[in-house]
Amino acid sequence: MNTVLAAEAGSTTARNLTITLFLVFVAITLAITVWASRQTKTATDFYAGGRSFSGFQNGMAIGGDYMSAASFLGIAGIIALYGYDGFLYSIGFLVAWLVALLLVAELLRNSGRYTMADVLAFRMRQRPVRTAAAVSTITVSIFYLLAQMVGAGALVALLLGIKPGTTFLGMDADTAKVATIILVGALMVIYVTVGGMKGTTYVQIVKAFLLMGGALAMTLLVLAKYKFNLSSLLGDAASASGKGAAFLEPGLRYGVETPGDALKTFYSKMDLLSLGIALVLGTAGLPHILIRFYTVPTARAARKSVLWAIGIIGTFYLLTLALGFGAAAIVGGQAITEQDKAGNTAAPQLAEALGVDFLGGDLGGATLLAIIAAVAFATILAVVAGLTLASSSSLAHDFYANVMKNGQASERQEVNVARISALVIGAVSIVLSIYAQNLNVAFLVALAFAVAASGNLPAILYSLFWKRFNTSGAVWAIYGGLLAAVVLVFFSPVVSGAPTAMFPDHDWQWFPLSNPGIISIPFGFLCGWLGTILSKESDEEKYAELEVRSLTGAGAH
Amino acid sequence: MSTDTPASAPAESAAERYLAVQRSDEFAGLRRALRGFVFPMTVAFFLWYALYVILSAYARGFMGTKLIGNINVALVFGLLQFVSTFVIAWLYSRFANRRIDPVADRIRDEIGEVTHEHGPRG
């Protein structure tokens, strides 16, 4: 079976079709962005889309914001290469939404306005808390952005089939990577500066429909091929992997057991637990997810959006299970690793194989490959736009308006600064991504989750539920959790001292785990508690206001 | 929005009003109801998820037990995490619609008269 990506006969067709479909997506989203810009007049329009979205619309947009290329291509790839362990990832990503639903979404919607810091700083001294929140928001968003943009660059060379020694439009693979990073960066800046939250939300909604449609269609084809017999699909995947029943059990990738090395086995299992905790607790602390709750008019609509998001995201992760095992069974691990060692091309390769089978011949393969490749680009664009918006909002609303100008900036000034911030953040991430393009930065998504869980989540939960919590506690929690996560990862095997590290030729590693959560999350909570009790500050009246407003929606913006 | 203050209520600052509401029995009941649901539920789903991750790390033999064909305990356990997430989301939504929203609406309406400077905007 012809499963090599962009096989000779279909390669030009697939490439042209991918580019055409991608350009259609870009044209449609740019048109939406321009339309949205005409509806964007006030700061509320720019930051929160005028709070005019319905629960369903926002639920779709949350899905579009959350289901990154790391989930679509990454999880399908991990399942295709390591079997069951990819499923562990998707379960963590899904269960995490219960934290957002039960503890955060509605209370945040009721008491905040534009950013995460609105809630954190509600009853605190504005400047220190907003500064800390802006630092954390920008750090988390930049980590996430880098992973997505570097991934986009690598993906384009693979999906357009630019191999070493060949060129595309006169560009070799390296030039094409840089060009893609710049293109993705430029588009995300345009979506955000021109369309604001309204434009970005519609881009995410369109992307969510495309992604769900693409994943659903491929899943149906995979299942049809196996006559809807899940057991025989799993059996084929296991035997094609060459690992037998172990492929369907946990342990090939996370919590790996090394016979005769009890310490290594212990660390590996701790790493699995650490990753699991960060995934579940990180989501409700991700700034680009939190600001989505401000785009709906009421707490009830925020609840509905999370319910829709849980439905959509849950369904999507069930589909990736079929895609991953389908790729293992139909494409085979060897053909996948030949394309990409990390397995990121498993889903597009599966699309090509399914197209050959069901649509007929290489042309069919090329068509389905092109569609899925274009969906993958759309996925990346929607996610990076959300991240850019979150970080520029925080820079403008928290740092510029409330720290530098003491809350005295006009709406117009604030929005202008937000637009300029988006441009600056776009430029910075383009430069960093180009610099990092040949480094292994896949760990940055897990790091973003770890920082969100260690710094932001303790601050948010203490703010909403603990009367005694104060400025010092908030600042300690955010910086403490942030630093613990970043420092531990810096000294971990993902940065140095291992062949797969970001800097494989250096070795300053002493922390044994790749995921810092199991240490840094309790540390963040501890810092928040300690910072609080070491300071006498306590404002009973402001807590009364926050508690009443967050629970009842009185005075909500 | 109404700007007149009822004659019987002396002019109160918004801060005093919020403090009074926070100390009222009605609000205490709302807080108790909400926390009584979300805290135990959070502990429950977190332990249930932790059990799944711990079994994945330490009970490989059990997780690998085949149930039907190639479908093993690990897969079923994983799918049950999806089911429990959907069920908890549904339970919470039903609970909030019945027990939280009506009380929250009532309290908000009572406050609305004084805090018009914060009234819904944009």
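Any Cβ shown, glycine's included, is placed from N, Cα and C.
What TrEMBL says about a protein is an automatic prediction, not a curated fact.
Per TrEMBL, the feature transmembrane segment maps to A:17-37, A:58-81, A:87-108, A:129-158, A:178-196, A:272-294, A:306-331, A:368-396, A:417-436, A:442-464, A:476-496, A:516-534 (among others).
The stretch from A:87-108, A:178-196, A:272-294, A:306-331, A:417-436 with the most CB pairs below 8 A to the transmembrane segment (A:516-534) is A:272-294. Within the chain, the transmembrane segment (A:58-81) has long-range Cβ neighbours (under 8 A, six or more residues past its boundaries) at 87, 89-90, 93, 144, 147-148, 151-152, 155, 201, 203-209, 211-212, 215, 253, 283, 288-289, 292-293, 295-296, 301-302, 304-309, 311-313, 316-317, 320-321, 323-325, 327-328, 331, 333, 336-337, 340, 342-348, 350, 375-376, 379-380, 382-383, 386, 442, 445. Take the transmembrane segment (A:476-496) and the stretches A:368-396, A:417-436, A:442-464: counting Cβ pairs under 8 Å, A:442-464 has the most.
By the Cβ criterion (under 8 Å, sequence separation of 6 or more), the transmembrane segment (A:368-396) is in contact with the transmembrane segment (A:17-37), since 3+ such pairs are found.
Residues of the same chain lying 6 or more positions beyond the ends of the transmembrane segment (A:17-37) and with a Cβ under 8 Å from any Cβ of it are 159-160, 187, 190-191, 194-196, 198-199, 202-203, 206, 210, 366-367, 369-371, 373-374, 377-378, 381. A Cβ distance under 8 Å defines the sequence-distant neighbours of the transmembrane segment (A:306-331), meaning residues of its chain 6+ beyond its ends; these are 1, 3, 55-56, 58-60, 62-63, 66-67, 71-72, 75-81, 83, 86-87, 90-91, 93-94, 97-98, 100-101, 105, 208, 211-212, 215-216, 218-219, 222-223, 225-226, 233-234, 236-237, 240-241, 247, 346-347, 349-350, 353-354. Within the same chain, residues 5, 68-70, 73, 115-117, 120-121, 173, 176-178, 180-181, 184-185, 286-288, 339-340, 344-345, 348, 376-377, 380, 383-384, 387-388, 390-391, 394-395, 398-399, 402-403, 425, 428-430, 432-433, 436-437, 439, 441-442, 444-445, 447-448, 451-452, 455-456, 459, 471, 474-475, 478-479, 482, 486 sit at least 6 positions outside the transmembrane segment (A:129-158) and bring their C-beta atoms closer than 8 Å to a C-beta of that stretch. Remote same-chain residues near the transmembrane segment (A:272-294) are listed as 47-48, 51, 58, 61-62, 65-66, 88-89, 92-93, 95-97, 99-100, 103-105, 108-109, 112-116, 136-137, 140-141, 144, 197, 201, 254-255, 302, 305, 386-387, 389-391, 393-394, 446, 448-457, 460, 513-519, 521, 557 (criterion: CB distance under 8 Å, separation of at least six residues from the stretch ends).
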